[in-house]
């Protein structure tokens, strides 16, 4: 059995002598009184015979050195969740007003200690025992209560004092210390012994410190001021058998020993401070005892003032804990008036509770925690848009709920249940506050930022009002506040009042609140503005101002609160919380509403903004106050609508480029206790930026111009409200109704009347999958979106794009050089392009563009610049000299003699440069800022791809392959398009905590673009592959933010999205009936194609079958010549040509291996001869057989195949089957790593079959070698996915989409050409 730790403030007890009762039969470790120390101990404390029983342990404990000098055990966690304080029992304290109980709960034994019966009531003691226990002062015994051997004391000269009139020593920290010295005392060793023994008895069992903020299981409330309804008082009494009285060696009862009685007399007369926490009280007792020792012979005046006793209020489940020999808890009324009338000193005392451990006294005893109310950790914050369990109480303060990452997961219906990755328990049941799921970056200190946003301080700064109030309201409110300072104050029905400054509070003037023009009812402050004290905080009181809103008005204004009360609810007996039978979340039982509240020195009205307590060491939260209400359990709450800082959003640590004063409005609301409010803060709304630059912000603490939604990480513009209208509406709980999306139909002309054509720039275009899909979808929605410019550094991919989009200006250069070229082109246009130039001058230049000069007039020895035909930035001559170059057509020479010349060498050709710039500007050979409507592209992802084994995890931007995201955003910032579409692999959300994705989103928002992030699966839009891609949508602040299109097909999804971005997966909500077609499988796309062999080399061939499925009918119906509005011309597809239907030719060895793969579902390399599979699902060679060799002498089964994924992979040399889908289309077909063998033919899937897997029409042709074509297809965006996004873009541009992040596509969208009838 573990022994209790030694007292942290008492002198060490003397060790037992050999052979003594405490010596453990004379054990060597027990020790004894040293011969040289006997005289010293006798002089200080008395004879060992008298003192030894006091140090004896209680019955049942082991005896010896282990007990005599026990070491403090390290802190351990008890069942309540807090650290063990080193005592056998721990005090849970009392929380007033929360399920209080009048009965005294028996103490609970801590781990490692035996349970004892609770102390018998006082009235149950025999007369002798009662007299002993009810002496002049409360008796305090040491933990080690042994046999009393002291002689009987002489009879008392004074009559016994009645118990009710008996005084107790206050143990507190707030009362002033004794200033007058104690009267001198006679110097004697016995008196000195009394003082030292007093130190032992009083401080050997000090009260524990305040509950640690991390001891959430205690559920205790910190000591409160005089206004608290009840405070625990403690008396100590002997809990042993009252029939047995301990005696000394000479037969005298220990209780009546002379020294002990003197000690009790001195203890009764020692004044201690009041209203202090236990840890400070313990230290004060030490100091007082030392003072008494320093004044020899001093006598302390005894206090015998009356006190009033009351019953202790205990919260349900809280037990009074402590050693039964020393603890008996009673409750003393805290009524100030009653104590004054009785003539007694108003004291709050907690004494003789179990000793605290050294670690607690050392670490936490010196600090005083703020006096604030705490709640049990099992409580649940309720009535929130996103309800979740409360995180542990921070620093003893009330828990603050802010919905962010603690939002319940959403199951997306992308496929049948068995095909989906389970996403249950994303949050793990744990709660991460807003600066959590996402780690918040350290907030920067800005002079304009109020101190309340920074680290919490005990004195929050005083800030301005949250809103600019009307003059009429301000005047009335000022008069009301003035009256409040001198008016009368009525008592709260719950808690006794404390007079403040002996002032009174009078009635406040009537303050009308102007209602909205809708059906909202008027609420007026026509009641007496009286303060009702609710709680105590570190700065003062929290109280409601004014009487409650009348019930009928409150029900009209906040019907959702009172409808809950009228419905049938279940009651949880453990937490006294009420829940719906089918709601699945806790709700608050509201009693009444208020319109104003005061916290500390701030008066808050509904609609004002405030700081709300955040985690310890973290910035406070910011929110708007929507409701003030009291529950039927007597708790006061407020409802808050949150604002997000950039660090609080998904941007996280990538928010360095954002203004620290910029906030983001949100619809997330939560209910919190009233004392969570810290101080006021001023927040203003500013209009959205049109040119991407921040406008001047009015003088305020913060401002906001956008709204943030966790779903799909959406940043959207909100409508700028009139100040007066906003003020009128801010007093209602429906303030969110005023924060509507921008109604662009009212503020802008319809684009149908302005411009039905949009221009697109495709960066990193490849073969054109993304721009092709966007243009097809937009045209289907009624908007003519055309790709005017395309950029890629892959020359072969540029040829494929140019071949299929002849109207597009395709440039083969890097995006970095293209950005520099745009900047130089802008300078040239500003220099040479003048609007005053006549059209005739331009036309004359245009007419001579295609003419060939007369070579006979040019001397053969001279070269003359005839004209400039192109422009680029870079190093076209490969001479390691980057710069601006012009392509020169020499006079007398043809195009094949054109050369690239640097601009420095054309200083004498300003005329030619001017003509080229003017003509290029007219033909828009390069875009200028404002010329581009849509920028799309997918920055290269080799630096983050899972196939790259040399990724930079710690610093992603150190990799040159990852810097293209920066360049992409730089192009957007320069051109300022209306819409932005960026695509990337799913690994961008998995790699390095999604740093690159957060950066891209941060750049868009910093440029005042609306933004939205989503994850789309290709199989959900009519393809037999489960490739998932990330799409970042950006939109100008004055445009409609396009939604994500909902899936059209069930999909067989094999890869799940990252849990941190699970809410970004585009899918059907759980409460919406799905309208999905059956999944598309390989048979739907392959069954009509002619058979080809492994060595097929034809680039063109005819179809041998007609379309067998709806997918085949659609994919073969595109016109060969045009991809415009008439691209869906249907014709006899049997006579049409089929392009690129040839596979990658395998060498003879690999072809021999494919021949031995069976033509059945699931066949792979494990079916080859000589391979066995063990019970561990690992494929290995059969040791009993000789290894099979091919005719070339190489083994049939390669060692690299057996080592791939430790022999557990099923993909090497695998056959796909008719009813299956493929994972993704790779850039390099490799049968050794992927299942790419045709179901019925001994070959790999052809180029055309791979193109169909990506949704390319059959008339889309590719250039380059076979490997080049596979690579282009593998790098492309699936065309059906881009098509769905393009249709949603058209609906947003035409103002036909709603504000929701998702939209429903028309019926049979995947295989229909003409969709304008459904738009």
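Cβ atoms are placed via backbone N, Cα and C, with glycine included.
On a predicted model such as this, the values are computed, not experimentally measured, just so you know.
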Given ranges 142-189, 190-237, 334-381, the stretch to which Swiss-Prot attaches the annotation region 'Disordered': 142-189
Residues flagged as region 'Disordered' in Swiss-Prot, choosing from 415-441, 442-468, 469-495, 496-522: 442-468
Annotated region 'Disordered' segment (source Swiss-Prot; candidates 265-302, 531-568, 569-606): 265-302
Packing count at residue 941 (active site) (other Cβ atoms within 10 Å of its Cβ): 25
Tally of DSSP helical, extended and coil residues in the domain 'Chromo' (863-928): 21 helix, 22 strand, 23 coil
Secondary structure of residue 941 (active site) (DSSP, helix/strand/coil): coil
Integer average pLDDT (0 to 100) for the domain 'Chromo' (863-928): 93
